[in-house]
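Asks: Annotation comment: TrEMBL describes A:36-145 as domain 'Acyl-coenzyme A oxidase N-terminal'. According to TrEMBL, the domain 'Acyl-CoA oxidase/dehydrogenase middle' annotation covers A:157-267. Look at TrEMBL and you will find A:T161, A:G200 tagged as FAD binding site. The domain 'Acyl-CoA oxidase C-alpha1' annotation in TrEMBL covers A:297-469. Summarising the annotation, TrEMBL assigns active site, proton acceptor to A:E454. Marked as domain 'Acyl-CoA oxidase C-terminal' by TrEMBL: A:507-685.
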2 protein chains.
Amino acid sequence: MNNNPTNVILGGKEYDTFTEPPAQMELERAKTQFKVRDVTNFLTGSEQETLLTERIMREIERDPVLNVAGDYDADLPTKRRQAVERIGALARYLPKDSEKEAILRGQLHGIVDMGTRTRIAVHYGLFMGAIRGSGTKEQYDYWVAKGAATLHKFYGCFAMTELGHGSNVAGLETTATLDKDTDEFIINTPNSGATKWWIGGAAHSATHTACLARLIVDGKDYGVKIFIVQLRDLNSHSLLNGIAIGDIGKKMGRDAIDNGWIQFTDVRIPRQNMLMRYDRVSRDGEVTTSELAQLTYGALLSGRVTMIAESHLLSARFLTIALRYACIRRQFGAVPDKPETKLIDYPYHQRRLLPLLAYTYAMKMGADEAQQQYNSSFGALLKLNPVKDAEKFAVATADLKALFASSAGMKAFTTWAAAKIIDECRQACGGHGYSGYNGFGQAYADWVVQCTWEGDNNVLCLSMGRSLIQSCIAMRKKKGHVGKSVEYLQRRDELQNARVDNKPLTDPAVLITAWEKVACEAINRATDSFIKLTQEGLSPDQAFEELSQQRFECARIHTRKHLITSFYARISKAKARVKPHLTVLANLFAVWSIEEDSGLFLREGCFEPAEMDEITALVDELCCEAREQVIGFTDAFNLSDFFINAPIGRFDGDAYKHYMDEVKAANNPRNTHAPYYETKLRPFLFRPDEDEEICDLDE
Amino acid sequence: MNNNPTNVILGGKEYDTFTEPPAQMELERAKTQFKVRDVTNFLTGSEQETLLTERIMREIERDPVLNVAGDYDADLPTKRRQAVERIGALARYLPKDSEKEAILRGQLHGIVDMGTRTRIAVHYGLFMGAIRGSGTKEQYDYWVAKGAATLHKFYGCFAMTELGHGSNVAGLETTATLDKDTDEFIINTPNSGATKWWIGGAAHSATHTACLARLIVDGKDYGVKIFIVQLRDLNSHSLLNGIAIGDIGKKMGRDAIDNGWIQFTDVRIPRQNMLMRYDRVSRDGEVTTSELAQLTYGALLSGRVTMIAESHLLSARFLTIALRYACIRRQFGAVPDKPETKLIDYPYHQRRLLPLLAYTYAMKMGADEAQQQYNSSFGALLKLNPVKDAEKFAVATADLKALFASSAGMKAFTTWAAAKIIDECRQACGGHGYSGYNGFGQAYADWVVQCTWEGDNNVLCLSMGRSLIQSCIAMRKKKGHVGKSVEYLQRRDELQNARVDNKPLTDPAVLITAWEKVACEAINRATDSFIKLTQEGLSPDQAFEELSQQRFECARIHTRKHLITSFYARISKAKARVKPHLTVLANLFAVWSIEEDSGLFLREGCFEPAEMDEITALVDELCCEAREQVIGFTDAFNLSDFFINAPIGRFDGDAYKHYMDEVKAANNPRNTHAPYYETKLRPFLFRPDEDEEICDLDE
């Protein structure tokens, strides 16, 4: 007998609020019409890639030191200390990993511990990356022999940003002045504003830094180069003379990494410590520079590429949590005395999360593409000799430059999207999203710095917008080779005449055309404005400045178009049996994006105003379709409970039980009095009233 | 002589990166063409209000216990303990405060310490509010005599939410069953899903709770009522029999408040502990219910109203920081060997922040309006007798219901806007926005729960959308009185014919008409769809569900329109000398909102597609105008450095110096080795290599 109107009967058994979730999850999971493994392999690329990922995940998950239990309650000192233990554990794997394995290991570990990930990535990614990318072969070998590759006695950091200078590397003020007499550089911080700031690893760990400083020879400023500077004595770990370092302390997130500030006071380093792959300074002070020196920032580019992949992974984690929770959580209901409705069955809840699920799938395609482009161009570059292999070198350089532009928008919009997804998923879990133990708060605080570092997202978008306009001009003049990703700009006439409003909006070809049309038009229109402004007498820089909003929009629309077309391109190569399911997601992403940008599509005359209602109806419809297999789509992300790290998002759906268990494990209910009860609370509650007497003046 | 190309000459003096900011701030401040005090008084309402605010701010700022130094480094245990001390300090003021002063004191203190604010507000706002709003006069007096009003031996909490039940109060499962024999209620948690969850103050502080539970008499369920249940022994503070309480532990933010869970196992309370202002249970178990019982949630409404004001205050704080920083920070520049450009001079930076500044001004108008409506309706209600003053009571009830609807959208969109503003301001400060000491991270983590509690924002918007459609139907049928805020819906014909595209978009009347036109059309169109769906056979609930997206949009557009028109209405009453300056902000808010919603305006035919370029140009232009006096506009918020609590946002502009000082004060640079150096770091860096020998099998 059903005693409680909120109780639910499933398969003849009665469940209450607390016991229903796992049974409900089974039912939801059973709706999946595809083989989850097929979709996982679609996402990773192949069964082989899936197995590799699973092997590394297992290694992380089973390692006692990397276990994240208790992390949500850890304070800054604990996180800092623990990070060193974890780096120790990871350092045992890294020398044996292939480059691909190392990248994957870092990205996967980063899903649950972004702080430690950064702390190790600063050494391997930034410091070693700088030496590998900007040092000569001899320099690389020298520092590896010193212990840099294995972290023996040696720990590197990357001193780029200054207190008063961030994204504009060219504006850094720290100086490296050649002293020809001693064959040394003198590294100096000219004023407090030039204090190196935010330097990860500097506060506690680093023995050396790759320091970005202005090369000064005979009073002439040659701009910013990279110099290896020792910071601490290798044996005592004490600061060397002329080095002042302090801890930056509390941050919004990523407390596991010891960011610090550094001031240099006439610190002398051998001339050989300048990284000289491209720019060189000889014994007698002759400076030879190379146009290729800009490749020096290749070390940063790999970070940017990996951030696209991380955007996908973090989004996958939190969407899995929010969508699983939506399948077991009930709230409100249209019929009195009947069980409440499951969140996932509310059209508005579907609209909040399912387009973001589709977006997350699309991100993976973008991430893979960028990684592959990086591997082929930067990998080639390092193997080639600029003089002997001049031709191949030029191609690789051009490819890398193209990647610089295209990855800018991808980095910006995927990191923003991941931040939005973490936040929207948190809100979709209501109050329980605010619990520390479901991970949203920690992840958001850790995540969002991705929108700022290695190129502030807004700056990246403006610079990408500039490059799109420049590509458009080059194309009109038929000058030089433009990247594949902007070739559609050449089809302006064709796209302008393309009709999409009379065609089915579930046909990928129609959706691709619609997006190409608006992106092409937006960029061409911005280009027209640019040409007009320069003809009116503005310098190119002034004209670009005037067109800031338009440049941003160009980057935004182009990147969205790119993600949509990449998603369809990958689906076209997928197994036939998963194609229809994936196409639902891709269509949802493309159509929802049109609805979101209705102003753009109305403006280009793609649709009549009244047709926007049909688009809204189509989004609703696609959401309904995607909703049916939502557990399958999230299971396909293949993140185990360890990587989910949120009791309300567990695989078995037993959300309330796991959640209550975790809260009790972290906060022993036998502690019934506040730790400060005797010292603070009791004295307050039992404070005596103060007498309010007034002295009686005998007047 | 200018040695460094990045150095700047101002008034004949040379400044470097570190020393320039305060000099630059003086120049920026001098651009203000209005009397800052005039605009402050415009915001507060009058000089008298400004003085009151300043008095309370001073009391908070100078109180040693309320001092926030060190807060950013405080961990959860410290925050919890400290909160009790601060409640002690605040409790000395509260008995002497008028209601208005108490509200203001709470809101102002909340700017810098949201956690403690919540902890005290749970008692005074929710617990006392429940007794005041739902208890009889005798009940109120009884609990006050027990110590509830002054927190003597007594601490109240509010047990509404359950583990499996949030926003839908009607779905709560905790039961209160009348035992006629003993004249008691038995409070019980029927299953673990009905565990009271998130109860602020329960874990450590509360002696009593206002518990929402289903009233059961003779097996009949009368729905959810409020019962006062004692939790802890007043003398020992130990849990009473049948009460199990645990600490909820770590949250995303607001760690100062001790949220807990509560399970009741057949806890007996006197029948008189049910709050019986509207619903009553007599000695012999006779239940009399009142339609007015829904007013019972008036206690929550006051929270909602105050959240609109808090949205303004938090936004004001972080915009002040980001805009002051933008006036002193340089980054990139068009001319080599010249100082970089100030952030505020980038058109895109202006666009990111200045419309939000205008939005923040508008929020204040909405907040004042809601507070005033609440005071007049709820205040009246408490003083009136439902029977004797039936007529006046009916008016006050209708007003309160109208406020329920209108405040829903205002709460939702202003709390979301404040979250967005904190986040956008953080990003606008680049890396320094990520420092713990500039407050963004802490404030965001503390703030965002406002989007979830006391009515999840999405749920509120959907319910507001429903109420807008219902008002529209009532209006068409000319049935009943509709609120003033929706009267414009009656002017559909007039608005449909109104032209705005041939009129100057700097004329407030034109902008108001444009917004009324699109809001009126959106709501009427949703109403048409609703009527059509019900005529096709759907129930009203089904039809509303189908129209979720449209309902959300109605709430969104109506609320934006409301904020815009309220802003203009208040400006019309402002002093003549500040009017033109405020009008720049109001126009910026209105025109930028049009640009953001271009799809809507194109759809309604307000503008031709090509005219959107003019709107973009006008936003640029208004940003330029607002930029000139940006320091004046933020100074007018009148937040002292204590309330700003971010070194990069200080009044004097000496950002880098204050920031570096604060980082050094919190992290002593004399600690040059990590605290875990000997135990963890050194053993890792100096780990011996393991021999990789393989035993030699004699095969």
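Each Cβ is built from the backbone N, Cα and C atoms, and glycine gets one as well.
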Asks: What is the interatomic distance between the Cα atoms of A:G200 (FAD binding site) and A:E454 (active site, proton acceptor), given in whole Å?
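Replies: About 13 Å separates the two Cα atoms.
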Asks: Go through the recorded positions A:T161, A:G200, A:E454 one by one and keep only those whose Cβ is less than 8 Å from a Cβ of chain B; report them in sequence order, or 'none'.
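Replies: Out of A:T161, A:G200, A:E454, A:T161 lie under 8 Å of chain B.
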Asks: Are there any residues at least 6 positions away along the chain from A:T161 (FAD binding site) with a Cβ closer than 8 Å to its Cβ? List them or say none.
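Replies: Expected: A:K196, A:W197, A:W198, A:I199.
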Asks: Given the model, what does the mean pLDDT over the domain 'Acyl-CoA oxidase C-terminal' (A:507-685) come out as?
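Replies: When the pLDDT values over the domain 'Acyl-CoA oxidase C-terminal' (A:507-685) are averaged, the result is 96.
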Asks: Which one, from the recorded positions A:G200, A:E454, has the smallest tally of other C-beta atoms lying within 10 Å of its C-beta?
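Replies: The recorded positions A:G200, A:E454 were compared, and A:E454 has the fewest Cβ atoms within 10 Å.
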Asks: What does DSSP call the residue listed as 'active site, proton acceptor' in the simple three-state scheme?
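Replies: The three-state answer is coil.
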